[in-house]
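S.K.: The structure's right below; bear with me while I get my questions together.
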Amino acid sequence: MLYSLFKKYLFRLDAEEVHEKVCKILKILSRSPFFCNLIHAQFGYTNPKLENEILGLHFPNPLGLAAGFDKNASMIRALTAFGFGYLEAGTLTNTAQSGNEKPRLFRHIEEESLQNAMGFNNYGAVLGVRAFERFAPYKTPIGINLGKNKHIEQDNALEDYKAVLIKCLNIGDYYTFNLSSPNTPNLRDLQNKAFVSELFCMAKEMTKKPLFLKIAPDLEIDAMLEITNSAIEAGANGIIATNTTIDKSLVFAPKETGGLSGKCLTQKSREIFKELAKAFFNKTILVSVGGISDAKEAYERIKMGASLLQIYSAFIYNGPNLCQNILKDLVKLLQKDGFLSVKEVIGADLR
């Protein structure tokens, strides 16, 4: 209730301006274990039925915060206190970049969706590593999302991903290669069999940590399956589906540029994930993201084959109680259907 009133004021302000103010507060809170413990006492939720061991990592629950919120890995401790089972920091690039011109973050309030054209704005890998290490270790697994610098030509993309990975080798529990943001020119062109294979072969030689590929929801199904297969054969441990969409028909008044996320993406993301799971469930770890805002949708994605979930836009629209609400209701749903734990639910629709 309190957040609903607060949100009315915040939503009168520029979206990126609000995000920056919230980030400043979260950075300050991250400095204090006391305040982080208070946040967790109020907004966290722990239940052994939600725990899982995946790729050697212990996840207290399957609900993660997607990349893009904490671009510089500077407020992880405060964010995880809100009840997330894990968090993905970034996107970090090899060198700092300011991103695209403002305004570049927009709300579609009626659709409970966001449109962002940020462009991987971040302080660069060196400062990202420094920020991460300041409060490490963390209580949950932390992924590092890696992207290509805007000024790097396609022919040099592999070397650029290698450079940013090298700088980040000592931080994080897993890495996600982001080839699917619509806000870096031609980045999505790298979503092809040859490049994906080279990328994961290279990364596999550099680290034993789990590696993920994040894919776009706008790929043709056959192309998506082909690229996914190429990634897995080259050493990818999992697939994150999906990033934002450029399908502007999903909202009433779209802006010219930027990817859409939130409730408008629910159906599209679910359809892509369903095809992905049909082909690759039990062959790799599948992470579902896109339009998840309540326990019912979370439960459906897990039954479809998702070992893990990620949210972003729903956190903006629903506020700090979101994780707790989803997780409590998720336990009720799995118990109602006779499951003893979330582990038993994964892929139930495919059995």
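For all residues, glycine too, the Cβ spot is worked out from N, Cα and C.
The shown structure was predicted, so the numbers you read here are calculated from the model rather than taken from an experiment.
Pulled from Swiss-Prot, these are the listed features:
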BINDING   Ala67, Gly68, Phe69, Asp70, Lys71, Thr91, Asn145, Asn178, Lys214, Thr242, Gly262, Gly291, Tyr312, Ser313  FMN binding site
BINDING   Lys71, Asn116, Ala117, Met118, Gly119, Phe120, Asn178, Asn183, Asn243, Thr244  substrate binding site
ACT_SITE  Ser181  active site, nucleophile
S.K.: Tell me the Cα distance separating the residue listed as 'active site, nucleophile' from Asn243 (substrate binding site), rounded to the nearest angstrom.
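M.R.: Cα-Cα, rounded: 7 Å.
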S.K.: Within 10 Å of Phe69 (FMN binding site), Cα to Cα, which of the recorded positions Ala117, Gly119, Asn178, Ser181 are there?
M.R.: none
S.K.: Tell me, in order along the sequence, which binding-site residues from Lys71, Lys214, Gly262, Tyr312 have their CA within 10 Å of Asn178 (substrate binding site).
M.R.: Lys214
S.K.: Suppose we draw a 10 Å sphere around the Cβ of Phe69 (FMN binding site). How many other Cβ atoms does it contain, all chains included?
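M.R.: Step by step: centre on the Cβ of Phe69 (FMN binding site), count other Cβ atoms within 10 Å, giving 20.
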S.K.: What's the CA-CA gap between Ala67 (FMN binding site) and the residue listed as 'active site, nucleophile' in angstrom, rounded?
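M.R.: So the Cα of the residue listed as 'active site, nucleophile' lies 11 Å away from that of Ala67 (FMN binding site).
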S.K.: So for Tyr312 (FMN binding site), how many other CB atoms are inside 10 Å of its CB?
M.R.: 21
S.K.: Please list, in sequence order, the residues in the chain of Ser181 (active site, nucleophile) that are at least six apart in sequence and whose C-beta is under 8 Å away from its C-beta.
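M.R.: Correct list: Thr91, Phe120, Gly147, Leu187, Arg188, Asn243, Thr244, Gly259.
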S.K.: Where's the emptiest Cβ shell within 10 Å among the binding-site residues Ala67, Ala117?
M.R.: Ala117
S.K.: With Cβ-Cβ distance below 8 Å and at least 6 positions apart along the chain, what are the contacts of Gly262 (FMN binding site)? List them in sequence order.
M.R.: His108, Glu111, Glu112, Ser113, Leu114, Gly291, Ser293, Ser313, Ala314, Tyr317
S.K.: Name the one residue among Lys71, Asn145, Lys214, Tyr312 whose Cα is closest in three-dimensional space to that of Gly119 (substrate binding site); these are the binding-site residues.
M.R.: Lys71
S.K.: These are the binding-site residues: Lys71, Lys214. Which one scores highest on other Cβ atoms within 10 Å?
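M.R.: Of Lys71, Lys214, the one with the most crowded Cβ is Lys214.
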S.K.: With the substrate site defined by Lys71, Asn116, Ala117, Met118, Gly119, Phe120, Asn178, Asn183, Asn243, Thr244, which remaining residues of that chain have Cβ atoms positioned within 8 Å of the Cβ centroid?
M.R.: Gly68, Thr91, Gly99, Ser181, Pro182, Thr184, Gly258, Gly259
S.K.: Any same-chain residues 6+ apart from Asn145 (FMN binding site) with CB under 8 Å of its CB? Would you list them in sequence order, or say none?
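M.R.: The list for Asn145 (FMN binding site) reads Ala67, Gly68, Glu88, Ala89, Gly90, Thr91, Leu92, Tyr175, Thr176, Asn178, Lys214, given in order along the sequence.
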S.K.: Give the three-state DSSP assignment (helix, strand or coil) for Phe69 (FMN binding site).
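M.R.: Going by the DSSP assignment, Phe69 (FMN binding site) belongs to neither helix nor strand, so it counts as coil.
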S.K.: Rounded to an integer, what is the Cα-Cα distance in Å between Ala117 (substrate binding site) and Tyr312 (FMN binding site)?
M.R.: 15
